[in-house]
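As recorded in TrEMBL, the features of this protein are as follows:
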- 38-91: domain 'Acetyl-coenzyme A synthetase N-terminal' (DOMAIN)
- 101-478: domain 'AMP-dependent synthetase/ligase' (DOMAIN)
- 539-617: domain 'AMP-binding enzyme C-terminal' (DOMAIN)
Ligand code: PRX
């Protein structure tokens, strides 16, 4: 297995023996209170999946019920066949008809400290108004709408309004560049863009509308841009194309019936990186995604009406789709939404928000946890965090020492931690403790949720032995599985359904211990995980090669104490160019311009040649070893074309 990353803390993961359990009081009150209850649920789902998922789906509102729970012919699945529903109706209308009408759905805090609360009925009104705005702008069922905004209630309103009218949303994270935004808009042929004028980030206003304007020079499909005024930065409005959100919403009615959607109608597209080519548009549909978002959010976060839940993810990523926008609202929860950086103006901001809003459940990324460890315990200890009862992590492996710090210093040894493994493609959490039931082992995502069948296998699909590393696959269909790569069925089949016979291939390596606990070992393809964000090495390489000075580029990653991994770019230059520090900066900035700051290489190394096999393939394994400072490159180098290329790369020539 060509293992992409040796994730930090992997050695200690292999030695990890500690086990932690929720308190008896926690377990007693939780939705799944014991391993006996978990096993019972798991077996019931295994024995008759149709009954298991059908019973869960009955907790949702359907305009029309299903004829059959699932149709499965690898790789195609349809869930809740013949049924009609609307996820926005389930997220809002069902609560507005109950005592939850005046319950807080969103407690918003801006980076400057401004606050707003939206009850379920207020949120419902705003969503209905904006849904009518979309209709007036000619948006119809099935149309794609791109969304490019900072974290705000309006971002959620935009998604929910699309869902209400049956439009397919495609959210692009506000940190992506105009080129990346244009690529995504064009791939989906979006008819409209919803954006904000700007967003606050560490005290600066990022001019989002300007990025949209730059992108739209090359996007002929976009007829309307709706701009939410958030930061009051100067923007230019294109006559006939651009409209202010508040002006259109002021004219819109609060009455907007939810569109009846077939269970398999597309709900959203979300672009994510793969090992080859451009990012792929992962497509999710309505009924199955809704059922799984609600089910997984309820059980993994043990959500109750009295909870104040806070997931720090941006809605631009899948975590912000399933566990900010849809999951919490489907469960009628109260949640905190925060606009800015969690360490601005200082390292106490996150703890201050938890204290002031009395947060009970915190869900964040290992990268953030590691940076808080470095900042020092005093920032945490200044605050009263006694309301916290459950902690969660997502997006990358958590090293046991960071887990223990989170458990001791933040959770004061009383909060279970749910280490949740999943992907953009899975739509929802697949492997995680159920906090009242599963004994936790730091660094392990533990066991699959009831209804989810995972296996660790060799290349031929045969199962690995206990503790043997292999490929992580999912062997049975689940409701929120991706249905397609938008517009590229071949890529869908090839990427996920061709490598391992009969199963969905995750792209991750893993092992399972004797007690059935899954330990994720990281990506086995050319995807890297930087601060919990997923990037394809080939995307960054193409960005580098698009610079006039670059002949060839190859990206390798190496472990980073805070970010999990950092990026090293090996670059060969065209003749006439000199590899100096100015050019290094220029290339770093070029990648930021092409993709966004998350893809900025941490280091650029100029080389005369890249190590290649005789058939011309770049030997990435060798580059990885060199990036990791390994001078004695191991393994088979017999196919290497020019050994001197390797010798030169080993010497880190700073200039
Ligand atoms: O490698 C795994 C890692 O993140 C990848 C999925 O990235 P993305 O689609 O951006 O979704 C991130 C948020 C769900 C996976 O293939 N990953 C995610 N969660 C974990 C993880 N690795 C280890 N432990 C996790 N809990």
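Backbone N, Cα and C define each Cβ position, glycine as well.
No curator has checked TrEMBL annotations; they are predicted automatically.
Residue counts for the domain 'Acetyl-coenzyme A synthetase N-terminal' (38-91) by DSSP state, with H, G and I taken as helix and E and B as strand, are 24 helix, 15 strand, 15 coil. This prediction places the mean pLDDT of the domain 'AMP-dependent synthetase/ligase' (101-478) at 97. Residue counts for the domain 'AMP-binding enzyme C-terminal' (539-617) under DSSP, split into helix (H, G, I), strand (E, B) and coil, are 24 helix, 28 strand, 27 coil.
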